Amino acid sequence: MAVRSKSSKAWLHEHVNDHYVHMAQKDGYRARAAYKLLEINEKDKLIKPGTVLADLGSAPGSWSQVAAKLTGTSGAVFALDILPMEAIGGVSFIQGDFRENDVLAQFEGLLNNRPLDLVICDMAPNMSGNAVSDQARSFYLCELALDFASQHLKTGGSFLVKVFQGAGYQEYMAAMREFFGTVQTRKPEASRNRSSEIYLLGKNKR
């Protein structure tokens, strides 16, 4: 029988007693991360009826759930992930790597020449426990997301991405500023205090 480490026991205790976990269960969201997007959207009004957006690294789907509710039938939500994701009403899901040509072709076919207003990305790599390696892998995913956003967003569009503060953070912010008129930071209350995660919001794509 496996013995839990102190850190995993602490995480389990925190998870079981987490206010946002209980809210997610009550409200029908697949993960507590839904409230991060809801809080950011309350401030920045990124998603509204009619918004056309892509959710990168969407599984298990809580951000796509929020997006589908906020865009309504007049908008469109495209979710992409290499992992499987259970269907969500109002969400077009593509399973695959968004760097691959066949996946991009599927996405562009579904987009059908509509302007893309917003790209959201809450991706994180599977953590190995090696802080240096994990940080590098995290920013690699962020760079891929920025590349996708820079290629597909309409002029004036927005990009919301999760990053972890540390090595590479300032360089990534500088890269975002090349593509967006403004780059702002967001730390929603639903983000755990001990976490180094923060959200970068690029507005007014050039």
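Just so it is clear, glycine is given a Cβ too, placed from its N, Cα and C backbone atoms.
Listed features, source Swiss-Prot:
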- GLY61, TRP63, ASP81, ASP97, ASP122: S-adenosyl-L-methionine binding site (BINDING)
- LYS162: active site, proton acceptor (ACT_SITE)
Which one is it: of the recorded positions GLY61, ASP81, ASP97, ASP122, LYS162, which Cβ has the fewest other Cβ atoms within 10 Å in this structure?
ASP97
Let's check the environment of TRP63 (S-adenosyl-L-methionine binding site): how many other CB atoms sit within 10 Å of its CB?
29
What is the interatomic distance between the Cα atoms of the residue listed as 'active site, proton acceptor' and ASP122 (S-adenosyl-L-methionine binding site), given in whole Å?
5
For S-adenosyl-L-methionine: widest Cα to Cα gap among GLY61, TRP63, ASP81, ASP97, ASP122 in Å:
18
